[in-house]
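Features reported for this protein in TrEMBL:
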type	residues	note
DOMAIN	47-376	domain 'Polysaccharide lyase 8 N-terminal alpha-helical'
ACT_SITE	H275	active site
ACT_SITE	Y284	active site
ACT_SITE	R337	active site
DOMAIN	421-719	domain 'Polysaccharide lyase family 8 central'
DOMAIN	734-797	domain 'Polysaccharide lyase family 8 C-terminal'
Amino acid sequence: MKRRTVLKGGAAASLASVVGIGGWSLPSARADEADLPMILDNFVEIYAGAAADRSDPAVGNKIRQIQSNAAARLQRMADPATLPDTGDRLFSNLPLGTRAEGNYTNTFRYLADIALATVTPGTTQFGDAALQTGVLDGIDWVHRVWYSDQAAGYFGNWYAWEIGIPTNLTRALGLLHEQLGAHDPDLPARCVATMDAYLRNGTDGDVDLGSRFHTGANLADITMNRIVQGALLGDEPRVRKAVEDQSTVFATIDPANIVHGNTDGYYADGSFIQHHTVAYTGSYGRVLLMKVMLSLKTLGNTGYEPAELVPTAQRWITAGFAPLIYQGYMMEIVKGRAVSRTGTGYADVVTVVEGATDLSRHLEGAEADQMRAYVKYLATEPPAAPNTSSFVSPATIGAYGDIVADPALEAANIVPEVSHFTFNAMERDVHLRPGYGFAVARSSSRISKYEYMSGENLQPWFQADGTTYLYLDGQDQSAHFGTDFYATAGAYALGGVTAPVEERLTVPESYGRNWYENPDHPLEFTSSSVSQNTYVYFPLGTNDYSGGVQLDGYGVASILVADDVAWRDQQQGILPADFVAYPNARGAKSYFMLDNHIVVLGADIGDDHGRAATSAIDARTCPPGHRIEVSGQGIAGTTAAEGTVMPWARWADETAGAAVGYIVLDGPAVELVDRQASVARSEIRLNNSGLAERRVVTLGYRHAVGARDRIAYVLMPGAGEDAVRAEAAEPSVRILRNDSTVQAVEYDAAKVTGYAFFGAAEVGRVSSEAPVTAMVRNLTGGRWRVAFSDPIRTQSVLKIAMQGRLRKVGGDDEVSATFQRGQTEITVAATDGIGRSYTVELAAG
């Protein structure tokens, strides 16, 4: 019987007792003496895949990739036995005396790649003792001559010294653990001592859970390294401590019970945050998913394996990742600075496919079938199948191939085709319908406006100012979004963005380097300082209001467009005089996500600094050769208006079979611009190469200097021209109110009304005395279903009211309904701190 089976039974009490860490159960007794060798054997099997079916073509491709990688490294590698202590490199292209920390990371990566080939069955290097000796001698030479010099090391990016270098060095040692005893049994101890000494954001050479550097995906990396290091050293307490520290990463973040000041990780609503304030599911979240699966497999069949790992990974995939993946494409709203990297989108999902494949083998019954069906969906839905050569393990490639080839398995998305997701903890919204997916990125005093760093995402200024992305069914999304979308559409024309008319400088243009350097200022600006994070890399907004609510698959999102903290603090004299900051435009904006209609309202739109402004409705881009048809009436760039028909436009990509209709319900003049764009990709990321070339069609309002405008428009995804004309003639949505106090839209087809209360107001029979986002659905038989949430996330009591005597007949336990003074007060006494949508069902009487 496998150890995992034993631990699930009553005998587990003999091996473990409950230690509470974020709701996790961890072993507190000494583990079995065979567990440390098992960890190392598991580790080798993960990367080398000895049990994989090498006759599988995809597995064979992976093995050949491992072989060719090692061969390429060996061509550049000197013989460490002949290298003098005055040498400056082990690999010809990686000098170690240039203060380039990446060369240390890559030196150990190259050694790990060679080591992997020697333990992977099927490679030409498999079992080559001379190569294995060369790797170990190479590690010793680099360590002795360069890496162990603590006084000379730790330059550049902290990440290289605490994560990048140790990950590759630990991997090389772990892969060759069987050879260490005969060759140099003390080598791991020497290397681990140095790695501990470089853990300078920790405490006494160990993890510091209170450090801002030791959180989220970063902490998962560090602790995974320390688990393998402990196994190499036979240091059971080190392994146990690392497992315990790592378990804090996998625990759900509870805003009411923040541990060690850490807010990085997954939240109950499926949100993922890294760097404390950045919505990051699509980048660091993927790293963390990979780490939880690596931990699951490394600790498998040992006494260290927390039982919660499997349900945790399952919850992350179903509630965290799946809603953000549209037809196999990772949405832009959760990638941070990674949105500027080429090759994102479909490639981002490969990690999820790999994780789901591994996870399916740890699930049982219907849950296993659901996960396998989702893997097959992600394999068959995108324009091209995932590239399994990027999977870590050959064994996982084989399992993936079995899933895809199973004729009895029907591909199925985990996410319903009609659904809505409000990720208020990271201030993102996703709305799904047959034919399209729609996403909104928001920001506030809690969630960053953007992430810029290391010359990546150079023009990020408005990426979470109520920014919208409309993904259309059946498209190659990479031909419409991704790096080239940002480069050609431009920062100021992203859908949903209200921006001042001006040209901003990027960070390198402002300072001549990738960050603001001023170490002598009281805020001590350096490349990795807290102040750099706060004001340059991922600044917060100054608005507290940013909310969302969902009800029966419909949703409302709302935001107050405001400055970031850099502009505010510069005006207060907190920042240096040469620090570059920009004020933003102003406005209250709401997004009502319905069926075939998405309604956007804006009020008090304008600028306080004597600038004109724009409000972008949408930006559609496509390859230059696509045949685009643009039609419309009453909008600059289309034909003249006729009669009382609302201004409208329609964009159609006839080549791709995609279309969007637009109805302008209110506001100043709207202009449609159709252009060909050719922009260097380096405009948005310094290391990008080549030109971004797209046909770009943008639609938006222009606000005059001093204006305080009101805007309203409708998006109709996939609509034909007749449907757009009909909607323009007789809109099927009704604006109940649109001002800076409340915005509300009624959608009669579903008998649902959405509200964004920015302050005390009354609309029809619904009122609020404080900020709240809400939806009310009129059911049959004198019943109503109501959902509401806290858009500022600090209210101890959340309340709205409806006229008339109503009684609670269902819904969340936390909600009460009390009749007084002619109205029913609907109340939640204590909210969860992340903007949860509370629901109640009411009946008359």
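Cβ atoms here come from the backbone N, Cα and C positions, even for glycine.
Small disclaimer: the values here were computed from a predicted structure and weren't measured.
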Y284 (active site) in three-state DSSP notation: helix
Arithmetic mean of per-residue pLDDT over the domain 'Polysaccharide lyase 8 N-terminal alpha-helical' (47-376): 95
Intrachain C-beta neighbours of R337 (active site), sequence separation six or more, cut-off 8 angstroms: E451, Y452, M453, S454, E456, N457, P460
Whole-number Å value for how far H275 (active site) lies from Y284 (active site) (Cα to Cα): 10
Secondary structure at H275 (active site), reduced by DSSP to three states: coil
Cβ packing number for H275 (active site), 10 Å threshold: 20
In three-state DSSP terms, the structure that R337 (active site) belongs to: helix
Number of other Cβ atoms within 10 Å of the Cβ of Y284 (active site) across all protein chains: 24
